[in-house]
Amino acid sequence: MPSPKLALTFILVTVCLDAIGIGLIFPVMPRLIAEVTGGSLSQAALWGGILSTSYAVMQFLFGPVVGSLSDRFGRRPVLLASLVVMSADYLLMALAPTMALLLLARVIAGIASSTYATALAYIADITPEAERAPRFGLIGAGFGIGFVLGPAIGGLLAGVDTRAP
C-alpha cells in the first residue's frame, strides 16, 4: 500500500485529470458536432444537450457500480482503470466519424468518470478522522482546478484543430 501522502497525491491528480477531461471538450463541442453531422450550429446545440445528458446520466447510474467495484477490488485499481478507459475514450471521441460513435464515446466517458465517490472513499480509507474534512476540501479544490484548466486547455487546442482537445 502506498504511503498516505503518495496516495493523496494520486487521488488529487486523478480527480484533477477527470475534471480536465470533463471541461476539455466544452470549447469545441458545437463545432465538433457540426463537423460530424454536417448540420448547423443550432442542430449541434441539440446534439450537445443529448451528449451532455447521456454523460451525466451514466455518471449518476454507474457511480454506485464503480463504488462497489472499488469496494471489491480496491480504490487505486479502480481509479487507475478509470484513467485508462478515459484516455482511450477521449481518443475515440477525437476520431469519431459519426454521431452514433460520438454518443457511444460520451456514454463510456460518463461511466468511466464516475470516480468522485471512489476518490472520497479512498480519502476516508487513508486519513485519520480528525484530518478528513481538510482532505475532502482538497478533493473539491482538485476538481475545481481541473474544471478551470480543462476548458482553457481545450480552447487553446481548438486553435490547432477542432479534434485536438
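Glycine is no exception: its Cβ is also placed from the backbone N, Cα and C atoms.
Across the domain 'Major facilitator superfamily (MFS) profile' (7-165), the prediction's mean pLDDT works out to 89. Annotation source TrEMBL lists domain 'Major facilitator superfamily (MFS) profile' at 7-165.
For 45-66 (among others), the entry in TrEMBL reads transmembrane segment.
Beyond the transmembrane segment (78-97), the same-chain residues lying 6 or more positions past its ends with a Cβ under 8 Å from any Cβ of the stretch are 10-11, 14, 17-18, 21, 24-25, 36, 66, 69-70, 104-106, 108-109, 111-115, 118-119, 122, 163-165. The annotation transmembrane segment is assigned in TrEMBL to 78-97 (among others).
Taken from TrEMBL, the feature transmembrane segment covers 103-124 (among others).
For the transmembrane segment (136-160), the residues of the chain that approach it from at least six positions outside its boundaries are 8, 11-13, 15-28, 31, 116, 119-120, 123, judged by C-beta separation under 8 angstroms. Under the heading transmembrane segment, TrEMBL lists 136-160 (among others).
Same-chain residues lying 6+ beyond the ends of the transmembrane segment (45-66) with a Cβ under 8 Å from its Cβ atoms: 29-30, 33, 37, 78, 82, 99, 102-103, 106-111, 113-118.
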